[in-house]
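Quick look at what Swiss-Prot annotates:
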- 86, 124, 125, 126: phosphate binding site (BINDING)
């Protein structure tokens, strides 16, 4: 039993609130326990220079964290004049994950800009961002389809992500901050709804992990992500 009462194979309570912001074409508040992220999808009628004239679209992402999303205040990256390495890595991961399930030809020469803003962090912010950003992206694209601006939905399938790790020798699903900070192994899995992997990230913080431990974490991730697909589907049906 974990300190928050969950079993090893349990997700935190996950909530997805759609249409959270007034102006964005797609927006959600996603909550993984005490981790809360606002994800928006904004549609622009142009593409980056390297795609101009090719008849294909683009999806990209930015990620940030409010200064007091964490236990102590962090400095805004804008005040430093540059994006940090961690932020750059996470926003590239979010963009890759969403592009993996898109048919860019159906999007035409449009861009969708995803913004993931962490308003409260308790572990798993990147995986929550991916899971929520998919729903925001779906809503933005569905709006274009309903207005007749797109002939068909460019999203081919769903994508979601979850963290897993080993804490005190036990594989755990969906780590919160306390668990993540003391984990011997920390992994993130990104999967599509056709049971294919987009990305697997894993690091041994202490002892190297075995193939058997890797398999156990993979199985936890697969079961957790299947549940996340169901939560996404339920949110989109509301």
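Backbone N, Cα and C define each Cβ position, glycine as well.
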Taking 86, 126 as the binding-site residues to compare, which has the smallest set of other Cβ atoms within 10 Å?
86
Cβ-based neighbourhood (8 Å from the centroid) of the phosphate site, residues 86, 124, 125, 126 excluded:
63, 90, 118, 121, 123, 127, 128, 129
Relative to the Cβ position of residue 124 (phosphate binding site), how many further Cβ atoms are located within 10 Å?
25
Count the Cβ atoms, other than its own, that fall within 10 Å of the Cβ of residue 125 (phosphate binding site), considering every protein chain shown.
23
Check residue 126 (phosphate binding site) against DSSP and tell me helix, strand or coil, would you?
helix
